[in-house]
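Handing you this structure, nothing more for now.
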Amino acid sequence: MKKIYKIAKAELLTMFYSPVAWLILIVFTIQIGISFVASLKDVTNTQNMGYTAGSLTPYLLINAVTGLFTMMQKYLYLYMPLLTMGLMSREYSSGTIKLLYSSPVTAKDIIFGKFLGMISYGAILLAALLVLVLGFAFTVDNFNYAELCSGLLGMFLLLCAYSAIGLFVSSLTSYQVVAAIGTLVVLAVLNYANQLWQDIAFVREITYWICLTGRSGPMTGGLICSEDVIYYFVVIAMFLLLSILKLQSTRQSEPVAKVIGKYAFLLAGVVVVGYITSRPVFMYYYDTTETKRNTLSISSQEVMSKLDGGLTITTYVNMLDDNRYLAMPANIKEDEERFKQYLRFKPDMTLKYVYYYADSGNDRFTRLYPGLSTKEMMEKEAELAEVSPELFMPVEELNKTIDLSGEGYHFVRVIERENGQTAFLRLYNDMMKVPGESEISVAFKRFTTKLPVVGFLTGQGEPRITGEGLSRDYTMFADTKDFRQSLVNQGFDVLPVSVSDDQDIPANIDIIVIADMNRALTEGEQEKLDKYIARGGNMLIAGRARKDEVMNSLVEQFGVKFLPGTLVQKHVDEGPNVVYMSATPEMQQLSYLMEPLGPPRNAKIVMLMLQGWNIRQIKGIM
């Protein structure tokens, strides 16, 4: 170890004898200082305008534009090749490598000493960053030091990986410029490896794992994952061992077969370790954030804990659907990342992909390929997407295993438990498209909990919940499958309910919605509704203006009375039936979503055609 320390000390002193190390240290400090001041400026401007700044720790550290860790990753990518280019190349070009070979030091001593000297310089760079952050931390209430430590760990491991790579490339040539360019090339390959040959299953797993991009991202964001930490150790060890093997092969002659065997054994070991540590069952996580923003919510964790047995998510991709790109072979790894948090709590969950072609009702393809069959359209699209047409099965073959006609043959996932239970997980017609935690957890919750059934009363001219989705209807709100906020996508089942026939309201109905009736209930219909109320059923009643006579016959028993006429409000640019309302303190406390309605923003609620009402307290009625 003494030899390693002496070599490291000599290497560190040599760095500071040259202007490159000093220049990089000065420029780096100025750059992160500029980023730091820019972040502070944004925070102070936000507060001066009366808005809440939010969580300052992640904003300062990982902001996509000016975050310190975000900017540092970009700078290291450019500076490390300049710092590592002379680690071994300088020894070759000056001839001092012969002195090292003749001295009582091994190749391991040389490489580990050079590497230790390099990461010592890297620690100085991190110290410059740390000084700024700690200065900010002392002025911020509840600064999250654990999140800072997680980010520093990610930056340090990234720096070590870059150092090991640069050291290896430097050991290959005596020209420092060539070593710098070579290091940039290797870093570029490793950073963009996840974009190479992603349509080939086996190669996809290798290139995606070896890619450096995104490995430090989770740690700088506050989530420490065993896979990422081990990945850095494996990459560092691999390039250090490659450097040692290179020096040994130069220092002493060995049979070619033995040399090849050493390299093959090293690469095989890397593959085995990488494969094992990338399995979800062997992954361990630690979320350092104060709000646990990198972890599923407590309610979602409870849902996942109840899912015993096997679980499979099968994604059905129609080549003739506009959203197919989300799970094409080249994008599978990116798609799998959407379920990584769920794999954390259900590591035995399996993800499958099925590709087919069918008419999804998209007239874009019929306009683009007039007169062609669905198979011919698929072949044309496959050629444009650079995938094999043989990957896609005809819909007739798909129908032997599952019928997706109810989903319109659009992009859809089917979640299936080992016991045969199934649930659909869809895309939505909005900017995000993909389901978030709320929608995914609701799909899983269907397996573990009886979801509430909402019955919409029909027969008195109420808005429909099926059909074309006209402006007065409740179709989109209730049953539209590609609308994220619809009841069916938020944990409810919906049914039309009639009290006009001889049947009582079904026992499985948990909530009755009575909205905007055009005629009053008959005595027999009211009797059925009274039976539902008597058994403790829930009701939601909504009435439009000028329907007070019809609605009052229903709501007066609850102490509520709709007033005649329409509420109006005087405006300059709006009609009088548009009403701007302020939220009461009680309403603001209902949910964090109501926070914008309170100070300092005091946002308004805008409603149209409002009707006034009176309420009196009746015992037993809330």
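The backbone N, Cα and C atoms fix where each Cβ goes, and this holds for glycine too.
Below are the features listed in TrEMBL for this protein:
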- 452-566: domain 'ABC-type uncharacterised transport system' (DOMAIN)
- 20-40: transmembrane segment (TRANSMEM)
- 60-80: transmembrane segment (TRANSMEM)
- 118-139: transmembrane segment (TRANSMEM)
- 145-168: transmembrane segment (TRANSMEM)
- 175-193: transmembrane segment (TRANSMEM)
- 229-247: transmembrane segment (TRANSMEM)
- 259-277: transmembrane segment (TRANSMEM)
Over the domain 'ABC-type uncharacterised transport system' (452-566), what is the model's average pLDDT?
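Summing pLDDT over the domain 'ABC-type uncharacterised transport system' (452-566) and dividing by its length gives 85.
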Please indicate, using numbers and ranges, the residues of the same chain that are 6 or more beyond the transmembrane segment (60-80) and have a C-beta under 8 Å from a C-beta there.
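Here the qualifying positions are 24, 28, 31-32, 35-36, 38-39, 42-43, 129, 132-133, 136, 147-148, 151, 154-155, 158-159, 162-163, 166, 183, 187, 191, 216, 220-221.
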With DSSP helix as H/G/I and strand as E/B, how many residues of the domain 'ABC-type uncharacterised transport system' (452-566) fall in helix, strand and coil?
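Tallying H, G and I as helix, E and B as strand, the rest coil: 31 helix, 25 strand, 59 coil.
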